[in-house]
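Okay, structure first, notes after.
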Amino acid sequence: MSESIHMTATVPLRPAHDRPGPAPAPARPGRRRRDLPRGPLHPATWAPTALVVLVLAAGWSAVAAEHPYILPRLSDVGLALADRPEVFLSNAWSTLSIALVGVACGAGVAFALALVMSEVPVVRRALMPLAVVLNVTPVVALAPGLVVAFGFGMAPKVIVTAIITFFPVLINVTTGLRAVPEPVLHVFQTLHASRAEVLWRLRIPYGLPYTLAALRVTMPLSIVGAVVAEFVAAGSNGGLGTLISTSASAARLDSVYAAIACLATLGVLMLALVSAVERRALFWHESQRTHASRPRRSHPAQRTEEPPR
């Protein structure tokens, strides 16, 4: 009896402020938090844009009614698309092919060069001024020389598109690869990680958000580069830029603006593609936390285990 009394007396009592309180009341199933992200079908998401589009369409129609030689009627633009859909589709495919090949070449060379520049400071100091000079040089001034050198085929158009998309990728990727915090880099150096391991396991993951941000800019910009090249180097390959030039020469404003609408659609589709890849690849990144309406998986590097009690 005395032993049991002694054991009971030595058990420490938990303070009142440390005792667990009552369990929180469960949330009502019918209520929804106001701070949850809204989906694309929510009226608050698309209604402002729809209102702006309606206002712009009304203004366009008013100007077209008074000055048809400045702006065609929207119905005429729609009829131009409906009358010759195969013409616009074939030219859109030609422009899209040039844009994709050009952005692949420009972004690929820029990414490879950024890897070297992030590891070798001498190369970065030597090549970055040349890249800046290439960026500030008007591409339209380079296009005629490229046409003389490579002809009226696809090559000069791809080169022009690659030049336009090269510099944004180079700057963003170089910045991202060098954005690794010093304490994290010091940990890898302490573990005697090789330069290839630091690059593959540390620098490239840190630079991935910067790379996708650059592609979000350069993918629609590649359409601009392809059209500029088609203006200067119009050839047998066609393209929406060539179609705009020939339609403007014939005073076919409906075909001109129909081709412009196709270009805008291509740019929006390419931007949507990059945004979808960005949401998929950067589900763990802070920049994507406000875009998802449901919980996402955590990044493997961010998983922590609760310490035992």
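Heads up, the Cβ atoms here are built off N, Cα and C, so glycines get one too.
Remember, TrEMBL labels are computer predictions, not curated facts.
Features of the protein shown, as given by TrEMBL:
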- 1-39: region 'Disordered' (REGION)
- 41-63: transmembrane segment (TRANSMEM)
- 92-115: transmembrane segment (TRANSMEM)
- 92-275: domain 'ABC transmembrane type-1' (DOMAIN)
- 127-152: transmembrane segment (TRANSMEM)
- 158-180: transmembrane segment (TRANSMEM)
- 213-236: transmembrane segment (TRANSMEM)
- 256-277: transmembrane segment (TRANSMEM)
- 289-309: region 'Disordered' (REGION)
- 291-300: compositional bias 'Basic residues' (COMPBIAS)
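Ranked by Cβ pairs under 8 Å to the transmembrane segment (158-180), the stretches 127-152, 213-236, 256-277 are led by 213-236.
Long-range contacts of the transmembrane segment (256-277) within the same chain, counting only residues at least 6 positions beyond its ends with a Cβ under 8 Å from a Cβ of the stretch, are 71-72, 77, 80-81, 88, 91-92, 95-96, 99, 212, 215-216, 219-220, 222-223, 227, 240, 243-244, 247-248. Distant neighbours of the transmembrane segment (127-152): 113, 117, 159-160, 163-164, 166-167, 170, 225, 228-229, 232-236; these residues of the same chain sit at least 6 beyond its ends, with a Cβ under 8 Å from one of its Cβ atoms.
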